[in-house]
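These notes concern the structure reproduced below.
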Ligand SMILES: NC(=O)c1ccc[n+]([C@@H]2O[C@H](COP(=O)([O-])OP(=O)(O)OC[C@H]3O[C@@H](n4cnc5c(N)ncnc54)[C@H](O)[C@@H]3O)[C@@H](O)[C@H]2O)c1
Ligand SMILES: [Zn+2]
């Protein structure tokens with residue numbers, strides 16, 4: 001086979017591959033390879049064609065704009081074609097671009113003159129937003145049409161969808177706009193909106209988007225514009241095909257802005273190509289902090305007269321250039337998966353990757369989070385995967401390139417025992433309440449059950465225990481803790497208080513003074529504040545805030561230790577899951593022994609005292625009854641029972657006749673209560689729980705009058721997002737006047753969530769827990785009704 005033939009074959013191969021990728025990217029909004037990979041193929045093709053111009057054909061991807069409009073949309077003919085942009089990946093390509101332009105405009109005699117000030121051209125520099133190009137037409141100041149770029153000549157009619165984008169004016173401001181105006185720009189999804197959207201998708205069991213560009217494209221090209229409306233899209237204008245607005249590109253954009261059209265706040269006019277390079281460096285340094293993804297910057301010769309003179313090449317203008325940054329997504333191989341054990345025993349799969357440059361740094365590891373994520377990605381060892389690194393965020397695997405799966409790919413198995421200590425591994429459980437019942441489902445996390453006998457957990461637990469926000473012991477870094485654990489000097493946090501000077505001075509890196517300092521630092525930590533001690537214990541899901549709530553409400557470690565999960569749920573901000581974690585932590589024998597040793601060693605909180613009355617006044621006795629998960633006894637029926645009986649004793653003394661005479665209590669429910677109160681042990685349990693609540697300072701405040709007076713008594717509401725009509729505190733006051741409690745976070749106990757605009761994680765949590773969500777408008781209507 002001759003060389004020429006081989007090159008022709010390669011060119012054909014590249015064209016076919018690029019066409020397939022174009023289809024996936026433009027038509028399906030679901031690329032299977034990262035842009036960096038696509039750009040490599042594209043550049044290889046362009047170079048081969050440059051070396052062999054006789055092989056160029058008019059339908060080569062290098063000669064035309066890609067993107068067939070989908071038949072599902074009405075088509076729109078662009079009066080002025082929408083083109084692509086020439087790309088540069090290195091500084092010399094930028095300089096060549098400037099030189100070509102100067103030459104063509106006759107401002108340059110020979111190459112040395114490139115930087116001569118009298119010859120240099122003015123440029124407008126802009127960020128290159130990573131979204132999709134859209135054309136929007138205004139007639140007499142009104143938005144009449146919006147279209148995608150499509151193949152450059154024909155786009156898709158997406159008018160209804162673009163109308164839902166908040167920062168696109170439906171009507172232009174001012175009066176001096178031309179009768180017909182077509183603006184062009186990028187529709188994109190800001191990073192924050194993208195993260196929220198993906199959380200929402202995950203929470204509702206949908207497939208999340210791989211990156212903001214896919215999310216923007218997938219959201220905009222929807223046949224149902226209601227879907228588009230629910231997506232956080234924005235528009236930024238970077239040009240117009242309407243002539244005669246001004247003499248320069250930059251001043252044209254300024255005029256568009258006066259009519260209410262969004263342009264980039266990062267626009268900058270520079271005097272010469274050196275200014276462009278400085279702009280590239282400046283934006284590059286701030287790239288990760290920008291609220292949206294960019295894949296490069298764009299330089300445009302500013303004088304429109306010069307733009308006209310330069311004109312176009314096949315698929316791109318000669319007066320503009322995109323200078324790209326290091327790709328944020330790359331393709332590489334998954335070599336292996338290792339399992340790391342964290343402080344609470346959670347086992348995290350970590351991907352070992354064939355090292356690859358992503359976003360300017362070498363990446364060799366990426367977290368896979370948990371086994372649900374592994375399943376969702378469908379990833380196997382040996383797969384080619386797309387790795388994304390956006391900003392300071394830990395590298396993520398976003399996608400598997402299935403067509404490259406090798407025959408010997410290996411499934412990632414859930415470990416059956418701890419990779420560090422060999423202990424049994426258990427799947428976590430999620431406890432939530434739904435319609436008054438406790439629903440237990442399988443969590444995504446597997447845990448090593450070895451607790452502190454597991455060296456990995458012990459080390460992490462010790463690091464947490466001594467950390468600044470916990471016991472705050474200076475001088476116990478990772479290396480030292482590792483030595484203490486491997487030499488078996490420390491088997492639990494309590495052992496720290498048994499360390500002697502002789503033991504410490506023997507450790508690597510210690511001398512007389514440092515050993516004495518460490519011993520005294522440990523001794524000094526013996527009387528921490530209660531909240532710190534609780535936090536230091538490292539109870540799963542108990543962060544600093546929860547530790548403070550426990551400390552304040554219960555006043556002593558002993559009471560925290562004794563509290564039943566059913567008691568803990570009455571505390572503010574503590575949901576069923578956390579309560580369950582706390583109770584089972586203290587039920588653990590090993591943990592109990594550590595706490596006993598603390599007492600022996602005089603490690604004790606300095607501020608123990610009486611419990612504060614923070615129980616949610618047991619909101620209602622009804623809520624208490626609900627906790628027993630009696631079939632058919634949810635909110636309303638529990639309320640009926642509570643109003644009738646008013647105490648635990650009375651409830652358990654109820655007889656069949658009484659139960660059947662309770663107003664509006666269904667027969668079936670009455671039967672269930674009857675069965676329940678006759679069950680062995682239930683009465684004792686209920687009395688014990690009531691006793692504990694009373695001991696801890698709770699008062700039943702479920703008198704009939706109160707319950708009836710306040711429409712929302714016993715309910716906990718959460719406000720999130722920005723409210724337009726009311727301030728947060730106004731909303732809070734009105735809810736409280738109706739008897740509701742307003743909490744700062746969503747838990748299974750939350751009755752209702754009011755979501756203003758740009759609501760985030762609380763909203764997704766509410767969806768996850770199937771808690772009713774009201775828009776601000778619905779909320780206002782409901783308030784008005786209840787306040788009557
Ligand atoms: N991963 C894949 O499979 C795949 C497939 C096809 C295309 N792609 C990606 O798309 C690129 C090619 O697409 P393209 O032809 O749209 O070219 P392009 O994205 O390189 O440049 C042109 C586009 O840039 C956008 N743009 C953003 N800011 C701009 C500004 N300030 N001024 C002007 N335009 C601006 C516009 O949408 C314009 O259409 C490839 O380089 C690759 O990154 C990826
Ligand atoms: Zn273990």
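Backbone N, Cα and C define each Cβ position, glycine as well.
For the NAD(+) site that TrEMBL gives as 35, 36, 37, 38, 39, 84, 85, 126, 149, 186, 300, the extra residue drawn from 207, 271, 324 is 324.
For the Zn(2+) site, TrEMBL gives 418, 421; the one candidate out of 276, 454 that the record lists there too is 454. Counting other C-beta atoms within 10 Å of each candidate's C-beta, the binding-site residues 85, 418, 421, 454 are led by 418. Ligand 1 lies within reach of none of the binding-site residues 37, 300, 418, 454, judged by a C-beta closer than 6 angstroms to any of its atoms.
Here the candidates are the recorded positions 85, 128, 300, and by Cα distance the one nearest residue 418 (Zn(2+) binding site) turns out to be 128.
When the C-alpha distances from residue 454 (Zn(2+) binding site) to the recorded positions 39, 128, 149 are tabulated, the minimum falls on 39. Between the CA atoms of residue 128 (active site, N6-AMP-lysine intermediate) and residue 421 (Zn(2+) binding site) there is a gap of 51 Å, rounded to the nearest whole number. Here the domain 'BRCT' (707-788) has a mean pLDDT of 81 out of 100.
Each residue in 341, 345, 417, 419, 420, 422, 423, 448, 450, 453, 455, 456, 457 lies on the same chain as 418, 421, 454 and has a C-beta within 8 Å of the C-beta centroid of that Zn(2+) site, without being one of the site residues. Proximity to ligand 2 (Cβ under 6 Å from any of its atoms) holds for these binding-site residues out of 85, 418, 421: 418, 421. The Cβ of residue 35 (NAD(+) binding site) lies under 8 Å from the Cβ of 295, 327, 329, each of these being in the same chain and 6 or more residues away along the sequence.
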